[in-house]
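Asker: Have a look at this one.
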């Protein structure tokens with residue numbers, strides 16, 4: 001038979017369908033189609049060409065079949081991906097008991113391995129049969145068993161059992177089990193087996209060391225010391241110059257960041273290939289050594305055949321150039337030209353992807369778009385590179401549109417694509433689209449790994465969906481550092497979830513999570529908002545323990561925390577240690593701390609120090625300082641800071657401009673605020689809101705509403721919740737009841753803004769000031785949320801102004817206030833005022849007794865004026881001022897002139913059941929009257945407006961007296977109390993007596 005059909009001819013048919021058919025015809029012609037050996041070769045030849053039908057026909061027509069016949073048909077079908085048919089052959093083979101030698105077992109087990117998890121059922125049965133036939137101890141067969149158990153079901157235990165049954169283990173046996181432990185990430189067991197291998201006398205091969213190197217690199221942070229030990233062992237074995245081993249070591253050292261060792265191995269290698277080059281280049285790029293990676297490529301380009309992957313890595317090096325981004329971009333364009341010339345860009349999708357990625361990272365998004373557009377073939381990486389590049393370059397809308405286009409092309413998004421798309425949605429605050437992407441990913445069965453889940457948490461946190469953020473975090477099987485930072489940061493940004501943020505931080509600690517500066521910054525932000533000073537100190541201690549207390553980000557967060565908790569000594573200690581690390585955030589935090597703790601002199605000293613030492617104040621710092629001066633109505637200091645902002649060329653900045661509008665309106669210079677507002681080149685919501693609130697605060701409700709209409713017509717800035725607080729306040733101060741309800745209803749009807757508690761408070765004030773107490777009571781009962789302290793205090797104040805009418809409603813409001821704020825003296829004073837206004841002196845005595853029993857002290861009322869020589873402060877009946885005699889003399893003169901003009905003291909505001917004469921005397925010495933008398937006595941010939949600030953609300957008698965004084969003296973008086981501004985001129989007030 002062999003003379004008719006030479007063996008060499010039989011072997012030449014493998015892989016050639018035509019030759020196989022010719023061979024088949026020769027068998028028929030020579031009547032050799034029943035020969036088992038030749039038929040087995042024919043089956044193998046057909047299967048090698050993928051012709052399973054012809055192979056099956058030959059197999060079925062064989063009168064006799066041996067184990068090789070079955071092995072050929074099973075392994076061939078499995079190799080061609082026809083696993084179900086291979087499974088059927090396996091069953092038939094087992095039934096017929098065709099197992100004549102160990103080589104048949106090898107073929108069958110490999111087929112089981114290729115079939116996968118289904119084939120493992122038969123693999124186990126065959127394993128059992130091997131025990132009966134004593135083949136389980138054979139190294140060749142058991143080596144395949146080890147591989148099958150690991151690749152099919154990932155079972156280290158079964159693989160180890162198969163390894164243990166081998167009587168005489170060869171190097172393949174040892175390499176197989178070491179490879180299993182390496183892939184399983186069990187570093188200790190892999191090296192324990194390696195030690196046993198050496199003890200057994202087996203010589204390690206290049207594959208042994210390859211697995212060990214892989215094991216050392218499988219850790220999250222590769223063990224450099226372990227790699228060094230492996231390298232020493234490899235040197236002793238003489239395999240360091242081996243191409244496979246050397247390339248693996250270079251890649252391993254490069255991945256671990258130990259580039260000195262990577263270069264050392266690279267230089268010692270006798271031969272190198274593209275894999276070796278790529279491994280070292282990847283390490284250089286990871287360390288952001290773009291120039292070195294480029295130089296290495298240029299040096300090796302003429303010595304080895306570089307692969308297309310080498311060009312992809314080279315392109316990734318250009319964005320990492322340390323000198324200038326433009327240099328890297330220029331080099332990238334040169335390589336782009338080279339790959340076009342060589343034609344690589346036309347048939348290598350990877351190079352096109354590398355070009356898109358390179359241009360995007362170098363900031364040339366237009367070039368990235370161009371490359372992407374002209375790519376004939378695009379895979380998921382192409383789309384991901386483009387979407388990620390758009391997101392990183394701030395083209396968020398286009399990134400989202402590219403994602404939609406990608407889905408229209410039926411390309412499934414990968415993890416990186418989802419992360420970039422969700423990031424763009426978060427930047428755009430497009431929660432709905434983000435939810436759609438989330439839902440589609442779940443529907444498609446895409447694995448939402450830790451990184452994607454983190455991106456989802458960021459999206460929901462940025463768009464205010466805190467509950468969704470919590471759900472994502474809870475559903476994650478594992479959390480990394482970013483996960484904890486995301487949830488803690490999201491909770492810390494929500495006022496209602498601040499305690500939860502602290503609890504979450506503690507849980508992260510208990511879970512053994514490594515904490516970084518972002519974690520500490522977030523939790524310190526929550527602690528500072530809660531004013532938990534002691535907890536802040538404990539977290540400071542943890543930061544020291546974690547060796548990150550000296551990082552600028554952490555120190556800035558600590559300064560902000562200590563400042564808000566009133567621990568300025570702690571702030572100053574940290575600030576003094578940061579001499580070389582201070583940035584704008586540091587200075588801002590320190591100044592804000594001083595301002596928060598009412599240390600305005602120190603805040604201003606720090607500002608002047610910054611200016612003298614050449615520090616540049618940014619817009620937010622100016623805004624912070626201006627806001628502080630606005631809160632205490634220090635006009636002169638505010639104007640000084642304004643001058644500094646002009647010198648710094650920041651006057652036109654929208655943040656500074658808005659702060660200036662707010663400062664001038666709060667300091668009584670509404671004319672300056674309006675003038676500056678009108679000259680602003682750009683306005684944001686803060687600008688409009690400050691001006692509208694300024695009008696409302698100064699009693700110019702009509703002007704506030706006109707400006708609101710202008711804002712709507714402008715169309716650039718939609719009204720927000722703060723805008724409507726100003727609008728409703730304007731209606732309240734101007735007594736515009738119908739207008740108030742119209743704007744209140746328009747919030748939800750026209751702008752989709754759900755009214756908040758502060759808006760309900762404004763409406764309660766509108767009704768209260770209009771004297772509509774019955775409607776006010778009905779309004780409160782129908783509120784969708786429980787009234788808070790501000791609303792009940794508004795109700796009580798309205799009852800005070802009603803001269804005792806609806807006293808029961810006022811009493812109810814007072815009782816609610818005593819429950820909510822039992823230690824606030826204002827609540828007791830308001831109740832007393834209500835009883836006094838109605839002449840209910842016995843109830844007034846009871847209210848004062850209740851206040852005394854609660855050990856609550858009333859805040860002293862005081863007024864102050866700013867003169868050239870400083871600030872002068874006055875309290876009621878005070879005679880400690882150096883010019884007290886002059887002041888009281890002037891006051892008597894004013895009282896006489898006012899009486900002559902028709903002034904009658906409103907003794908109801910004396911709040912005591914005293915004789916009429918005593919009440920009048922008490923009213924005469926209120927702090928604001930002392931202040932105005934002082935200014936009039938000190939500035940006899942001046943015609944400038946008199947500006948007086950008061951910490952409490954002005955009483956009705958002083959309000960009446962100031963109208964008379966303004967007319968008698970011919971001076972405008974501007975009084976700012978705790979509620980609003982009053983402009984007195986020619987016997988009238990800007991509030992039209994509606995206050």
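Numbering starts at 1 and runs along the chain as displayed.
Cβ coordinates come from backbone N, Cα and C, glycine included.
As listed in Swiss-Prot for this protein:
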REGION    791-868  region 'Type E motif'
REGION    869-899  region 'Type E(+) motif'
REGION    900-995  region 'Type DYW motif'
REPEAT    66-100  repeat 'PPR 2'
REPEAT    101-137  repeat 'PPR 3'
REPEAT    170-204  repeat 'PPR 5'
REPEAT    278-303  repeat 'PPR 8'
REPEAT    307-342  repeat 'PPR 9'
REPEAT    348-378  repeat 'PPR 10'
REPEAT    379-413  repeat 'PPR 11'
REPEAT    516-550  repeat 'PPR 15'
REPEAT    583-617  repeat 'PPR 17'
REPEAT    618-652  repeat 'PPR 18'
REPEAT    684-718  repeat 'PPR 20'
REPEAT    756-786  repeat 'PPR 22'
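Looking at the shown structure, can you explain where the listed features end up?
Answerer: Note on the region 'Type E(+) motif' (869-899): residues 860-863, 922, 924-931, 933-934, 936-938, 961, 964-965, 968 of its chain, located 6 or more positions outside it, place their CB under 8 angstroms from a CB of the stretch.
The average pLDDT the prediction assigns to the region 'Type DYW motif' (900-995) is 80.
Within the chain carrying the repeat 'PPR 8' (278-303), a Cβ under 8 angstroms from the stretch's Cβ atoms is held by residues 247, 250-251, 253-255, 257, 259, 262-263, 266, 272, 309-310, 313-314, 316-323, 328, 331, all 6 or more beyond its ends.
Same-chain neighbours of the repeat 'PPR 9' (307-342): 274-275, 277-278, 281-282, 284-285, 288-291, 293-294, 297, 348, 350-351, 353-355, 357-359, 361-364, 367, 371, counting only residues six or more beyond its ends whose CB sits under 8 Å from a CB of the stretch.
Here the repeat 'PPR 10' (348-378) has Cβ contacts under 8 Å with residues 308-309, 311-312, 315-316, 318-319, 325, 328-329, 332-333, 336, 339, 385-386, 388-390, 392-393, 395, 409, 411 of the same chain, all six or more residues outside its ends.
In the repeat 'PPR 11' (379-413), helix, strand and coil residues by DSSP number 26 helix, 0 strand, 9 coil.
Residue counts for the repeat 'PPR 15' (516-550) under DSSP, split into helix (H, G, I), strand (E, B) and coil, are 27 helix, 0 strand, 8 coil.
Sequence-distant contacts of the repeat 'PPR 17' (583-617) (same chain, six or more residues past either end, CB-CB distance under 8 Å): 552, 555-556, 559-560, 562-564, 566, 568, 571, 575, 624-625, 627-629, 631-632, 634, 637, 641, 644-645, 648, 650.
Sequence-distant contacts of the repeat 'PPR 20' (684-718) (same chain, six or more residues past either end, CB-CB distance under 8 Å): 654-655, 657-658, 661-662, 664-666, 670, 673-674, 677, 725-727, 729-736, 739, 743, 751, 980-983, 989-992, 995.
If you look at the repeat 'PPR 22' (756-786), the same-chain residues 6 or more away from its ends with a CB under 8 A from one of its CBs are 721, 724-725, 728-729, 731-733, 735-737, 740-741, 744, 747, 794-795, 797-799, 801-802, 805-806, 809, 994-995.
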Asker: Mind checking which residues of the chain, 6+ beyond the ends of the repeat 'PPR 15' (516-550), have their Cβ under 8 Å from one of its Cβ atoms?
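Answerer: Cβ under 8 Å, 6 or more out: 481, 484-485, 488-489, 491-493, 495, 498-499, 501-502, 505, 508-509, 556-558, 560-567, 570.
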Asker: Write out how many residues of the region 'Type E motif' (791-868) are helix, how many strand and how many coil, based on DSSP.
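Answerer: Breakdown, helix to coil: 51 helix, 6 strand, 21 coil.
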